[in-house]
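Trainee: Take a look at this one; I'll ask things after.
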Amino acid sequence: MKNLAKNFLLVFLIFLVIASLFSFSLSLPQVQVTLDITSMVDKINAGKVKSLKVINDKIFVTLANDSQAQVQKEPAESLSELLNNYAVDKEKLKQIKIEVEQDSSLDFWLAALLPFLIPFLLIAGFIYFMMRQVQGANSRALMFGQSRAREVTPQDRQNKVTFKDVAGVKEAKAELVEVVDFLKNPKKFINLGARIPKGVLLVGPPGTGKTLLARAVAGEANVQFFNISGSEFVEMFVGVGASRVRDLFRKAKRSAPCIVFIDELDAVGRQRGAGLGGSNDEREQTLNQILVEMDGFDVNTNVIVMAATNRPDILDIALLRPGRFDRRIILDAPNIEDREGILKVHARKKPLAPDVNLRRIAERTPGFTGADLNNLLNEAAILAARRDKNKVEMAEILESIEKVILGPERKSHILGEREKKITAYHEAGHALVAHKLLHTDPVQKVSIVSRGQVAGYTLKMPIEDKYFQTKSEFIDELAVLLAGYTSEKEIFGDISTGAANDLKEVTRLARRLIMEYGMSDVLGPRTFGKREELIFLGREITEQRDYSEKVAEQIDKEIAKLVDNAVKTAKAVIKEYFSKLEEIANLLLQKETLEREEFEAIFKSSPAPVS
Ligand code: ADP
Ligand code: MG
Ligand code: ZN
């Protein structure tokens with residue numbers, strides 16, 4: 001049918017060409033002078049006309065002096081009728097040569113054919129478009145089973161990432177160098193009978209550079225890189241996931257050596273048999289197909305499957321057994337050296353002012369991941385651009401740190417006089433207790449400028465990276481958290497909703513101390529409750545009780561005791577250093593934000609006279 005439409009168009013085109021050729025060959029004589037009918041009749045009667053030639057509605061008149069003129073006649077009227085009607089002298093007419101010629105030009109043919117052609121063309125065109133639509137939908141439907149993998153070819157210089165672009169993560173890089181080596185030089189390994197890992201699983205919290213590392217491996221090895229996200233395997237239609245996996249691996253084998261990278265593997269790789277409903281069935285089939293494919297290629301196939309996840313705990317164990325994702329590479333949040341390195345990598349494309357000290361930024365960003373740091377420098381660059389600077393200065397970067405942690409400042413969110421006072425005393429309480437207790441991090445900044453969701457904030461930062469925390473630190477932390485609440489209560493004899501977040505955090509922390517960390521003297525070193533994820537709901541967490549009612553009561557008591565003690569500690573500190581509390585709060589009301597130096601100066605100087 002499609003061919004028919006095409007043929008029809010072709011025929012029509014040929015017809016047009018032929019018709020226009022004809023019309024050119026028969027082009028009308030070019031005559032400038034026009035006459036009206038009466039003057040033509042007069043001229044005939046006067047014997048001044050040699051010949052008449054009729055073409056369509058035009059009469060071409062050749063006069064006695066051989067000059068030419070042209071007369072327009074009515075379309076319906078023939079020449080003889082016309083001459084009769086005007087009573088032309090018959091005698092004179094006999095001496096005139098009269099020719100009638102039918103014009104076979106385009107006009108004529110079109111006039112004859114168009115009434116048929118137009119509806120026919122319309123219908124044909126309509127059918128043609130319908131066919132195309134259907135065809136498009138068809139081929140799109142066929143595409144469903146194909147993998148949606150994005151490919152990065154080694155020739156693609158622009159998107160190329162190498163190990164140089166990945167800072168820190170030394171162990172991970174060392175492991176991956178092996179993979180690169182294998183892709184470049186498989187013979188070396190095979191000759192020794194070594195079995196090269198088929199599957200490499202990158203495990204780490206979001207933003208630690210898993211995706212980046214996988215791309216760097218492809219870049220280093222100079223091979224094709226197929227990138228697909230786990231969730232893309234599973235879409236609405238049952239059976240599609242498995243066929244996508246098949247298609248992906250078929251493509252991969254064809255372009256070996258190459259890397260297949262499945263991002264967010266947990267989307268398909270969750271433990272099987274735990275779900276309900278059809279979509280989970282679909283997921284299982286997809287997962288099974290991945291397992292089959294990974295078993296399918298033999299030692300000599302140069303396809304390495306890499307995958308990334310931040311939830312290794314929920315992966316199906318079949319994925320992790322030898323021969324599948326048996327290499328696991330753990331990526332942690334970067335330490336201070338790594339943070340400096342990452343900052344250096346991302347500072348390459350940004351003009352930095354000479355005052356920028358990346359080491360100091362690294363010091364002030366514990367817990368930041370690579371993605372956070374990237375975001376930080378980007379925010380700083382945006383800020384600098386908005387201030388019409390041509391270099392990013394330290395000030396912008398420091399400001400952006402807080403923006404990344406707490407959300408943007410909300411200067412327009414102006415607190416009323418009384419709210420401002422409450423916030424000032426609340427934050428002063430946090431800051432004072434944090435400063436005075438032994439096992440706390442130094443206060444970096446206190447502010448009563450709203451940011452994101454909070455009215456004010458006290459920013460504490462560890463001096464160095466910490467990998468674990470002790471019980472005394474937790475106990476002090478509880479007191480600091482409760483200091484805002486205590487301060488409000490002491491000063492105003494009332495409490496505000498501003499403390500709600502603190503209280504939530506206190507409860508959570510105290511519970512974990514007892515139930516997860518075994519830090520209770522009474523209940524001893526064990527954990528309580530099994531946490532489990534309801535897999536089919538994704539995020540929901542259920543807690544299974546593995547303890548008796550009686551223990552539950554004890555747990556509640558222990559939590560209450562922790563909180564009670566924390567309030568007592570906070571109260572004691574606030575009572576003892578009440579003048580300092582006032583000083584901090586007053587200074588906050590004046591300046592809104594205190595940096596570390598200003599804050600610490602309060603404790604060095606003798607108490608300022610209270611005005
Ligand atoms: P994920 O672990 O969530 O896959 P990504 O690999 O997508 O994280 O990292 C996000 C971004 O963070 C990267 O594009 C990169 O800019 C930055 N990044 C993360 N880790 C590093 C690192 N080690 N070195 C340099 N940049 C990093
Ligand atoms: Mg990722
Ligand atoms: Zn608070």
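Each Cβ is built from the backbone N, Cα and C atoms, and glycine gets one as well.
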Trainee: Pick the one from Asp338, Asp502, Asp521 that TrEMBL also lists for the Zn(2+) site with His426, His430.
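Mentor: For the Zn(2+) site that includes His426, His430, TrEMBL also lists Asp502.
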Trainee: Given the binding-site residues Thr208, Thr211, which one's Cβ is surrounded by the fewest other Cβ atoms within 10 Å?
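Mentor: Fewest other Cβ atoms within 10 Å, among the binding-site residues Thr208, Thr211, is found for Thr211.
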Trainee: Per DSSP, how many helix, strand and coil residues does the domain 'AAA+ ATPase' (196-335) have?
Mentor: 61 helix, 30 strand, 49 coil
Trainee: At the level of the C-alpha atoms, what whole-angstrom distance separates Thr211 (ATP binding site) and Asp502 (Zn(2+) binding site)?
Mentor: 35
Trainee: I'd like to confirm something. Which of the binding-site residues, Gly204, Pro205, Gly209, Lys210, has a Cα closest to the Cα of Glu427 (active site)?
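Mentor: Comparing Cα positions, the candidate nearest Glu427 (active site) turns out to be Pro205.
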Trainee: If you take the centroid of the Cβ atoms of His426, His430, Asp502, the listed Zn(2+) site, which other residues of that chain have their Cβ within 8 Å of it?
Mentor: Glu427, Gly429, Gly456, Thr458, Leu481, Leu482, Ala483, Gly484, Tyr485, Ser487, Glu488, Gly498, Ala499
Trainee: Setting Gly204, Pro205, Pro206, Gly207, Thr208, Gly209, Lys210, Thr211 aside, what same-chain residues sit with their Cβ within 8 Å of the center of the Cβ atoms that define the ATP site, listed in sequence order?
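Mentor: Nearby residues not in the site list: Leu202, Ala308, Asn310, Leu331, Thr369, Gly370, Ala371.
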